[in-house]
Amino acid sequence: PARACRPLAMSGYVVASDAASFDAEQPGEKGSIVSLAQLPPMPTPNYKEMRSEAACGCLTVFLIVSGLVALTHSLVFGGFAIQSINTARLVCYILIWSEAGIALLCLLGLMLDDPGTVKRSPAACFPLPPEVEEKLLQGQSLSDMRNVIVDGRAFCVRCCIWRDGGGESRFAGVSTTHHCDTCQRCVDDFDHHCGVFGRCIAGEGLRGNMKYFKTIIYMAAAGIFTAIGTMVVQAI
């Protein structure tokens, strides 16, 4: 009788003495002998690097926000300025707090939202390239393989997912989906891994976390102009 397959305890790769080890009790998807549950485990992200980068980014945002708010507040209410508060100064004061609030909300979104990670699913993983499936059947690691390109699509041998073709990428390959070496995930519409915030920055429009990243930068610029505007108003 056919024997049920089982993953290798240490490496996580499927061990089978022959193809008969993969029986009807554990069918694969789209004609594959290997099933979704039998794929190698996802690579482990570099959490230490990501956390240190995120701490640096959060601290940077907090320092810039607090500095600009403190400067504007002192210009509006400090010293003798409080005796001559006018509409222009109040507008600057409201603006700086609004910009600070938006920046902090976007920072929270950047830290918590998914940039566009490609999740494993039957549609994303199958059919497996023959050379990948053969290695898995033999219980071998995929670490020595390069990504497999078939009909304009790339199969990531680290995530074991197909990347959709099309689009323009500044990275070598055939897709705007890119595997981040720090986060160890394939991300759609990848732009870069931010060494300041410890996150992949990706997405277009409302998708991904690019909207948060850009808004934080815009709010920093707006905050600087607001602080300068407050100085000008005070000097008039």
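Placement of Cβ uses the backbone N, Cα and C atoms for every residue, glycine included.
The domain 'Palmitoyltransferase DHHC' annotation in TrEMBL covers 175-230. Taken from TrEMBL, the feature transmembrane segment covers 54-82, 88-112, 216-235.
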Can you tell me which parts of the same chain pack against the transmembrane segment (216-235), counting only residues 6+ beyond its ends and a CB-CB cutoff under 8 A?
61, 64-65, 68, 71-72, 75-76, 81, 86, 88-89, 92-93, 95-96, 99-100, 102-103, 106-107, 110
Please give the sequence-distant neighbours of the transmembrane segment (54-82): residues at least 6 beyond its ends with Cβ less than 8 Å from one of its Cβ atoms.
89-90, 92-93, 96-97, 99-100, 103-104, 107, 111, 194, 196-199, 216, 220, 223-224, 226-227, 230-231, 234
Could you give me the DSSP helix, strand and coil counts for the domain 'Palmitoyltransferase DHHC' (175-230)?
21 helix, 16 strand, 19 coil
